[in-house]
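Read the structure below first, then the notes.
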Amino acid sequence: MNNLSYFVVFCLLATLSHAIEIDFCVGDPSLPRGPQGYGCKDPAKVTTDDFVYTGFRGEKTPNNVFGNNVTLAFSDVFPAFNGLGISMARLDFAVGGVIPVHSHRTSEVLILVKGSIIAGFIDTNNTAYYKRLEVGDVMVFPQAMLHFQINVGKTPATAFVSLNGANPALQLTPTALFAGNLPADIAQKITLLSQKEVMRMKRLFGTS
């Protein structure tokens, strides 16, 4: 066995050894977050409640300009996800509500549990993949692809998503362009919108 083989075997054993040192790492949000997540909560203080998230219970009222309500279960609100590489969210849509074009650092899988929506993503060749989903349908959105959901039914809709990262982040394209500190003249140039339209969007987001 040559030196490279020894090195590969050593790295594999070291990885396996590290993987079985602890059963879980419930995050402690009071500690700084690093690239791998939060530091672990003292195992002696971990209880069953740390592994249960109740934030998806009950009715969720769409409460924004897009007609949606997004309830996130990322590691900062559900620390049991810390270090596991998974997270979830609940999506509630008013009639006509949308989740506008957005992206994450991760891939996403969606299951529709109420209503009827059109869901889709756009790849780097600008090809759109979209379909009307009914209750029980599942759709996958590949990592970092721009994607969206639209309630096209006559009733409110609800979906649940799971993402393969404990903190996948969420960047809404309209919010990034018009709700932040990007100057209106730059937004106008990079979107090809008129000054009037840019200012209308900024007023809509309360930033003008």
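Note: Cβ is positioned from N, Cα and C throughout, glycine not excepted.
Reviewing CYS11, CYS25, the cysteine that TrEMBL connects to CYS40 via a disulfide bond turns out to be CYS25. In sequence order, LEU146, HIS147, PHE148, LEU170, GLN171, LEU172, THR173 are the residues of the chain that are 6 or more apart from HIS102 (Mn(2+) binding site) and have a CB within less than 8 Å of its CB.
Neighbour counts of Cβ atoms within 10 Å were taken for the disulfide-bonded residues CYS25, CYS40; the minimum is at CYS40. Cβ neighbours within 10 Å of HIS147 (Mn(2+) binding site), excluding its own Cβ and spanning all shown chains: 23.
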